[in-house]
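Since the structure comes first, as structure tokens, the remarks are kept for the end.
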Amino acid sequence: ACCVYKICYPC
């Protein structure tokens, strides 16, 4: 998964 500022979402 891709994570930015503790928010993760599918890549």
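Placed from the backbone N, Cα and C atoms, the Cβ positions cover glycine too.
So that you can see what the record holds, here are the features copied from Swiss-Prot:
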- Cys2-Cys11: disulfide bond (DISULFID)
- Cys3-Cys8: disulfide bond (DISULFID)
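On the structure: features taken from Swiss-Prot.
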residue: Cys2; record: disulfide bond; Cβ within 10 Å: 8
residue: Cys3; record: disulfide bond; Cβ within 10 Å: 9
residue: Cys8; record: disulfide bond; Cβ within 10 Å: 10
residue: Cys11; record: disulfide bond; Cβ within 10 Å: 6
Residue pair Cys2 (disulfide bond), Cys8 (disulfide bond) - Cα distance, angstrom, rounded: 6
Rounded distance in angstrom between the Cα atoms of Cys3 (disulfide bond) and Cys11 (disulfide bond): 9
Mapped DSSP class for Cys11 (disulfide bond), helix or strand or coil: coil
